[in-house]
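Taking it in order: structure first as structure tokens, then the write-up.
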């Protein structure tokens, strides 16, 4: 999102702010706040926000008090013992006046007086003041800026009369930096350096320097979204401000355009518009202070009058201009694409190796500028330039955006062209620049060199009152709709041929500067933006109490309308059911409530990070797990292990499309073993790949926090990962036309070669889980904490996870488990490999988990289930089983659950004891039984427990200890 810096005084030149004025449109007259003759920055931001533009105050005036023009009458140089040379000056200024119009005595303390310090009275008597100054860049008779006692400077500096170097200094002669108008602090500000000729001769001693140097102006920063390029100018923002307050807008552009001339331009690549103008006999000496100050507030540095004028017109109108030194051009200009291996030395000192798709402006000797982006040094305008060729073009936004990103050049011009500039404004902006050059640089306008424009008016859009009602959700009259659209510049007429008694139809033709208005939805957005968002009624949505997951339909519809009469626009469902925004939001809130901190990382990584942390299950969503396998299971049929190119392993890029069998004996064609997706134009050349896991970003985030002393971290991220192109027809299940009984559902991908971009959630923990306090022992994060984090994710999604020991190249061997949900492998959890953690300057004990949310959603989340609280009591018993060391506890829990049946509400492992003299171990579980309908009896609990023991004995040879 681009930011436009808007000086307040500049904006108010183009709008009328008289109190009580009512605009021609009459829109929102009851809701608009009336401003005074001089609205402050807060008023402007409030008005712009009401029409959809956010902003903030950037430059607020920090100068106040008696800051006036003084003349240096005489000075005496003194060298002090510390080696510093100072000047003891006599400066003639105007004395500040008190309310009774009597001069304020120099002997009085200004801080205790009530005199008018904000503006000097030019009719007051002149007086001479003694001032100590450390600068030496001025002479007798120079006009300077004097800050008298009682004035305030930027940074909270309060000027008082005080003794300096043995003299009482009755004020201060200010520098550029002290006044906030520049960075020069070596010498004081001489007005002869700022003003020349008639402007300088009109300045009198005692004049208010704040008004003279425009130091009371403030600026606001307005955020411009990519679709609102028409607002990327003072003219555009002024139009929106006038719209927000029902006041007239004064267009600064001249209506008269320049006549066509005879200069020849070779347009091999046709732009949307291209105009040039030859101007001679330029006096390129000094830019007037009012323009320098406005450009400074707009964030642009002053260069020379011609360049400043082109920048000024660009900020004012939104049309970028470029000035060429006409004497540096050889032959005629040509607009073409760059040749192979052609280069351009830019005005900022860089050398660009141009691409054959780059649009350039060239002459007989080569490229002069990268069109719409930046100019070249060979034809740059300097203070010695006498003849210029002024260019105003309009180019394809996509071409300019690609060139800008290709060369990593983001200029004021490219920011505007990439957002689309009004084609019809080019010639008027050129005339405006010519007018300023003639007035400020004595330029002689010779002729309009070339005039080319290719503009086709947008086709009218058919709009009805029912269209607005359907999109917005509330009704407006035809008069309101027509009035609001005319207010933004649209041509609106009634279409009686398509109108009916119930539906009023209009033909709407957007203005040339609103290329973003292309359909009914765009027009509806403008209508509600102009009329007011407060006209949209509030609707309360509630989650009904139910035991089953909510279906996709959440509203009761009757004849295509909601119960309250508002229509609901049809939404095309996605091809596959990924995790929804609401599910992700609730999961994030759940994790944050548990003490985790959410972070957002860039999706760009280097190749090493993309490979080592790839969670391979995410591209194998058909992977299943058999809970009855006993010992630590091998990856089941249907899962392809990923290996990086060049590494050894059974699978890899050469094993794409291997067919295996799922448990239902249905054929599955795997997704290809994915490699990292590279970016053609990365922001950082060292991170030119899309992430395949969230863990690399969390490791970098942890490193940044640890380097700043934040050592105890529990962070998480919810975001997409990018796993290459899919060739499989299913996300879960098989290729059968009917629903696979083993997989329980069918989800077909309709198109081939799609990039699989599942949402995943990842948690990373390191440091202290509990800080040491009085009566409380501290504790570091350990493996149990990250398993608890995975369980928190499960609770947030309304599902159950269990864990099976496994291996993964990013995790510590023996301290890694894969996460299973409904017999499907959906992620990993464990301790990060210490060597990987150390590469990020992290301690050895770093724990993480990563879960594929899209897979969980397809398996069936139940976030919105509201369960009834139990009314019957629970019965708790312990169970200790002795079995082999190689049997995983998760497998035992799964079997015990199956054997105990529905009465078993919860089971968890509370103790493990390994026998030293045998290969046996004892596992102790806490079991909670409950019947939802009635009170349990001891006989039923014992029977359920015996059934569980019997099944565990048959599966694993387990023996219950009594």
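Glycine is no exception: its Cβ is also placed from the backbone N, Cα and C atoms.
Record features, source Swiss-Prot:
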DOMAIN    85-201  domain 'tRNA-binding'
DOMAIN    456-538  domain 'B5'
BINDING   516, 522, 525, 526  Mg(2+) binding site
REGION    621-675  region 'Insert'
DOMAIN    870-961  domain 'FDX-ACB'
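For the recorded Mg(2+) site, residues 516, 522, 525, 526 set the reference point as the centre of their Cβ atoms, and the other residues of that chain within 8 Å of it by Cβ are 227, 514, 517, 521, 523, 524, 529. Helix, strand and coil residue tallies for the domain 'FDX-ACB' (870-961), in that order: 34 helix, 35 strand, 23 coil [DSSP]. Each of the binding-site residues 516, 522, 525, 526 was ranked by the number of other C-beta atoms within 10 Å, and first place falls to 526. Mean pLDDT, taken over the domain 'B5' (456-538), works out to 88 on the 0 to 100 scale. Residue 516 (Mg(2+) binding site) falls within neither a helix nor a strand when secondary structure is assigned with DSSP, and so counts as coil. Classification of residue 525 (Mg(2+) binding site) by DSSP places it within a helix. Break the domain 'B5' (456-538) down by DSSP state and the numbers are 33 helix, 13 strand, 37 coil.
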